[in-house]
Amino acid sequence: MRPAFAVGLVFAGCCSNVIFLELLARKHPGCGNIVTFAQFLFIAVEGFLFEADLGRKHPAIPIRYYAIMVTMFFTVSVVNNYALNLHIAMPLHMIFRSGSLIANMILGIIILKKRYSVFKYASIALVSVGIFICTFMSAKQVTSQSSSSENDGFQAFAWWFLGIGALTFALLMSARMGIFQETLYKQFGKHAKEALFYNHALPLPGFIFLASDIYDHAVLFNNSELYQVPVVGVVVPIMWFYLLMNVITQYVCIRGVFILTTECASLTVTLVVTLRKFVRALEAVRLTSPSFCTQTEASPSALGSGCVLISRFGSQGLLSSPRVWCVYSAIWSSSLMGL
């Protein structure tokens, strides 16, 4: 499958996904667990039917390696979604997760003993500036929106600070998972559909510990206002419709990411994933309050500039590949749409 098609899946799926995630979180900020469960269940069922052939097909990569990978993957997904409960604004959530290049570089230096060019360090500095701006302005917004009571203000800031810690942990864990996945694919070969299935099927038992919260939000979703689905004309609670659309768009996005891992170099995949989050951040900023949009508009700009620098001056000569120009065109058209 051609890389340009995979890039199209990534940007189309993720940019539309953030709209429905924002609609869900705006009504029920604590719905992260039911959203994660629905996404995992949908992708696992699809993979069981079409990739695992109802369990008759044996995996090319031993299950024990997938168990390690999915432990990381499950932890990252749950922590990222739970951070929405901790006074983390959606733009900050999206932009902070765009720091994967920083985390990958740091862990690459520590674990793989890699060395990078000056331009790569400069690009990472720009990405770091973008995240710092958004984090700083989000902190100001939290304190200004909190109660005039000093105790309430401190409590809100403490929860926000805990949310920043959760996002940082998830960012580093995600980077470590990427390094583990890269070494695994070098040893056993790349199997995108298989990895997609096992990364979502094996963690499902872990949702037992979140069953109470998932059930509570299912009840809330059932009690939401009714909505007539266009074309089909079926009437359903609107929150279930938002969840269905979120799950479908997430599947499109993650499918594109796993295809890219088999079609492109790891640097290209990291670049696309980071810029995907950058475009989602633009969309999230556009959907939030005007004051937050004004305060954080420099943050996506710094992120975008850093990503372009790391792609332009990468040591692997990626500009000579037509695949990367497809990536660029998708990125900038999506950015203009977000702006």
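Even glycines carry a Cβ here, placed using N, Cα and C.
Where the annotation comes from TrEMBL, it is an automatic prediction and has not been curated.
TrEMBL lists 32-51 (among others) with the feature transmembrane segment. Residues 21, 24-25, 57, 77-78, 80-85, 193-194, 196-198, 200-201, 203-204, 207, 210, 213-214, 217-218, 221, 243, 246-248, 250-251, 254 of the same chain lie 6 or more positions beyond the ends of the transmembrane segment (32-51) yet place their CB under 8 Å from a CB of it.
The transmembrane segment annotation in TrEMBL covers 63-83 (among others). Sequence-distant contacts of the transmembrane segment (63-83) (same chain, six or more residues past either end, CB-CB distance under 8 Å): 32-33, 35-36, 39-40, 93, 97, 163, 166-167, 169-170, 173-174, 176-177, 180-181, 184, 188, 195, 198-200, 202-203, 206, 210.
Annotated transmembrane segment per TrEMBL: 95-112 (among others), in sequence order.
Residues or ranges marked as transmembrane segment by TrEMBL: 119-138 (among others).
Taken from TrEMBL, the feature transmembrane segment applies to 158-175 (among others).
The transmembrane segment feature in TrEMBL is assigned to 196-215 (among others). Same-chain residues lying 6+ beyond the ends of the transmembrane segment (196-215) with a Cβ under 8 Å from its Cβ atoms: 30, 33-34, 36-37, 39-41, 43-44, 47-48, 51-52, 59, 63, 66-67, 69-71, 73-74, 77-78, 254-255, 258.
Taken from TrEMBL, the feature transmembrane segment applies to 227-245 (among others).
Marked as transmembrane segment by TrEMBL: 257-275 (among others).
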